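*Asks:* Shown below is the structure under consideration.
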Amino acid sequence: MIEFVYPHTQLVAGVDEVGRGPLVGAVVTAAVILDPARPIAGLNDSKKLSEKRRLVLCEEIKEKALSWSLGRAEPHEIDELNILHATMLAMQRAVAGLHIAPEYVLIDGNRCPKLPMPSMAVVKGDSRVPEISAASILAKVTRDAEMAALDIVFPQYGFAQHKGYPTAFHLEKLAEHGATEHHRRSFGPVKRALGLAS
């Protein structure tokens, strides 16, 4: 892994996404500028934290960060653009939503969206960069809450448990009940459930 050198600027934003793999719902992104004067203990990749810990950290991040913002791309945008381009768009929206313009942006992963300031992609950034860890927590808590809300409307699919990912249970219910308007029609299993696959 390439050694990560932290940029020598004051206002660094971290950006991460949640929800590229699910068959349903938006891809959700977050951008966070942390306050060096108000450190947050225990930041890590959201997937390595318990749900309870994520919820506590989410509130602390919102309270202590200099600026934070959420972005998203809806299922119809994912279907129109493809998941990669929709994710880049959602990241651009998260950065644009910051009320303080960052001097530098660190993106989790291996590619950066076009931004009006310098940026760098950091592989496994959600475990290596506190700003990206914070962004991953905000994005995951937000998307998980959306899946729990969708589960109330469509209880037969089990969205609260699998968060829209293509588990055996989700695929079984998709075949049984068909797709909701929140499913991504360009994704193979959804296409097949709708009889659109060639």
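Indices start at 1 and increase along the chain as displayed.
Cβ coordinates are placed from backbone N, Cα and C, and glycine is handled just like the others.
Relevant sequence annotations retrieved from Swiss-Prot are reproduced here:
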- 10-198: domain 'RNase H type-2' (DOMAIN)
- ASP16, GLU17, ASP108: divalent metal cation binding site (BINDING)
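Please situate the listed features within the shown structure.
*Replies:* Every protein chain considered, the tally of other Cβ atoms within 10 Å of the Cβ of ASP108 (divalent metal cation binding site) stands at 26.
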*Asks:* Quick one: which residues besides ASP16, GLU17, ASP108 have a Cβ within 8 Å of the divalent metal cation site's Cβ centroid, in sequence order?
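*Replies:* Once ASP16, GLU17, ASP108 are set aside, the remaining close residues are VAL15, VAL18, THR29, ALA30, MET91, ILE107, GLY109, GLY125, ASP126, ILE132, ALA135, SER136, ALA139.
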*Asks:* Among the binding-site residues ASP16, GLU17, point out the residue whose Cβ has the most other Cβ atoms within 10 Å, with all shown protein chains included in the count.
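*Replies:* It comes out as ASP16.
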